[in-house]
Amino acid sequence: QVLVLDGRGHLLGRLAAIVAKQVLLGRKVVVVRCEGINISGNFYRNKLKYLAFLRKRMNTNPSRGPYHFRAPSRIFWRTVRGMLPHKTKRGQAALDRLKVFDGIPPPYDKKKRMVVPAALKVVRLKLTGKFXYLGRL
């Protein structure tokens, strides 16, 4: 059974942690609307952190990595990868069970999309708390 999650209004790290646990347990997880995922902290601060990440590269041959994905779905995918033992067979199999999309592509637009209450912004941040959208980053 495939778990279809709607990323909009969820916090990046909390959603990623829950998704990572589920794929390790053997569930297939699909996350749609990754551009609507929230990150706590204001946009300027998150932008500085992301730009600092963009500066990290291999001096001798930058094309060998680290790879800096710009698309919101890939940023989320990488966040989940950091929570998995992705260099082991088990971790790779878990990553294969995860699919991420910006927007809602055809097979999933008809399916029921779930939310994760533990990762929702409205639950976790104060009403005045600052946050940024992954899509803007």
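Glycine residues also receive a Cβ, built from the backbone N, Cα and C atoms like all the rest.
Look at Swiss-Prot and you will find ARG55 (among others) tagged as citrulline. Under the three-state DSSP scheme, ARG55 (citrulline) falls in the helix class. For ARG55 (citrulline), no same-chain residue 6+ apart in sequence has a C-beta under 8 angstroms from its C-beta.
Look at Swiss-Prot and you will find SER73 tagged as phosphoserine. SER73 (phosphoserine) is surrounded by 21 other CB atoms, counting those within 10 A of its CB over all protein chains shown. Secondary structure from DSSP puts SER73 (phosphoserine) in a helix.
Within the same chain, the residues at least 6 positions away from ARG136 (citrulline) whose Cβ sits under 8 Å from its Cβ are PHE43, listed in sequence order. For ARG136 (among others), the entry in Swiss-Prot reads citrulline.
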